[in-house]
Amino acid sequence: MWATSAFPNSSCTSTSEASALLRSGWWPDHVTGNGSLPPCKWPGIRCDAHGSVRIVQWNTHYWRDFNLGSMNFSLLPNLASLELPFLALTGRIPLQICALSRLALLDLSYNFLSGELPPCLGNLTMLETLELEGNELRGPIPPELGTLKRLVWLFLGNNNLNGTIPSSIGNLSNLTYLHLSGNQFLSESVPSEIGNLKSLAHLDLSSNNFSGEIPVEFGHLTALIYLDLYNNSLSGTIPPSIGNLSNLTYLNLRGNQFLSGSVPSEIGNSKSLAILDLSLNNFSGEIPVEFGHLTALIELYLYNNSLSGTIPPSIGNLSNLTYLYLQGNQFLSGSVPSEIGNLKSLAVLDLSLNNFSGEIPVEFGRLTALYHLDLHNNSLSGTIPPSIGNLSTLTYLYLQGNQFLSGSVPSEIGNLKSLAVLDLSLNNFSGEIPVEFGRLIALYYLDLHNNSLSGTIPPSIGNLKSLAELDLSLNNFSGEIPVEFGRLPALDHLDLHNNSLSGTILGSLIEHLHLRSINLSYNLFTGPISDRLVTAHSRDAFLGNKGLYIVKDRPPLRSDRMDRPPLRSDRTKIVLVLAIFPVFFAVLGSCFFLRRRMKRDETKEMPEKDGDFMSIWNYDGKIAYEDIVKATEDFDIKYCVGTGGYGSVYRA
């Protein structure tokens, strides 16, 4: 244990040490007393009983953006600990550090150091901790590091190191933590010599470019607790010897792509496993029954592989399991085992994008901790069990794309007060939307499209104040759009196309909602619709409603002319208008008599009604109204080509 000097009048350090510390510029003058205070009294410095500097420790208040090379480390011969993380230090690692023969701890992590690792670091034979992660170091890992027999911690991650891991790393018999993650350019095979590190507890080689197989010798690492090989290019199979790692709590092999073959049943021997991630690979075969022995397991990720067969019922033994992700395996099939209902701690269950068949187990209603349930894109059949309504914490429910799910939507879903997303689309549900859906006060996404639902849309949907997206398209709904939709302030997207909805479209209601997208096409809506609404949402949103026609909105009255007595200028204008009226009617009368004389001359040339239907102007207003209705399919919106000040123009 180091201590500061007990003799205030004695010199705290040698002249050379004081000179090196002062010249570094790392401490401002007011801290050093303009050089009058001994360094042992400076913040971040600790000395031994003889006044020699033993520890230089980080202090963010004083050290920012300094070059590491500004310190002459060769003048600090007794330095045992140099801890300068997170200080934005720049430059290269000075070779002078290699002369610090007493150095036991070197931490320069998370700075902006560049250049290569000096091979002379191998001279630091007393070194126990070497932390250089989070810099911009490049080049290979020096084989000379294999001489650091006392080394316990080696952290070189998140740099730009390249080449291979030197086999000499296998000489570090005391090494407990080896972290080389995030170097990208570290490549080739992982050396089997790592299997010699019998003291190793943490091994992180993730996010590099290692290839080849996982060394069988990893099975010798019986002290290993944490193994992370995520995001490399490893190939081959998982060696069964992994099952020897009885202390292993974390195993991550995700995202290697070329890892293949069966998942070894021996993994079931690693009874301490809490997190197992084998996702985003190319594993095939069945999920081992022995996984049911992993009773300490909290998280299991097997998604996006090529696994086949059924889920073993032994999964139901994993009483601590919180996350179960099996989605995207395509060949996983058969019934979903009811034993999953035993997993009382389960928060997330994702079985989507597989080929499961049969019914949703009633036992799912016992998963009272569940907040995310995703069964979409399988071949499930039958009905939704009403017991789903017991899942009071459920927030996300995805059942879309099962095709064979049918029957009524259970009203018990209305009990799910925490539900934010409900997607039952692309199934074969029938009957009406339960009125109880109006109790889903947290719901912001509701998708029921492409089913066989019918009846009217329940007004209780208007209670869903958080609802942002509502898709009820491609069903058989009838009746009118509930006026209660006007109480949906968060609604952004409304899709009701291809139903049998009728009545008028209340433009004021839709404009009140401030929708970003709407689709009401191919229903039975009738009556006028404002051109402003059509312009805002495109004509396609209203197509296929034969009784719908566009009207031009009248410009609003100017507010400054409403509810006030006429001004003098207004009265003058009225008098002028009244004086002009007699002249106007005299001219109008002359035109009227002249027009009657011209029409008598043209009567003999009037065309028959059965003439050219498209030459509508030739009929002088006498074309049959029934012909116009027939030609425009009862003034269908698709024939409307524009609107004017007095109505709409249709192409017949």
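Backbone N, Cα and C define each Cβ position, glycine as well.
The domain 'Disease resistance R13L4/SHOC-2-like LRR' (167-248) scores a mean pLDDT of 97 in the predicted structure. For 167-248 (among others), the entry in TrEMBL reads domain 'Disease resistance R13L4/SHOC-2-like LRR'.
Shown for the domain 'Disease resistance R13L4/SHOC-2-like LRR' (383-514): DSSP residue counts in helix, strand and coil, namely 32 helix, 37 strand, 63 coil. Residues or ranges marked as domain 'Disease resistance R13L4/SHOC-2-like LRR' in TrEMBL: 383-514 (among others).
Taken from TrEMBL, the feature transmembrane segment applies to 574-594.
Mapped onto DSSP classes, the domain 'Disease resistance R13L4/SHOC-2-like LRR' (167-248) shows 20 helix, 22 strand, 40 coil.
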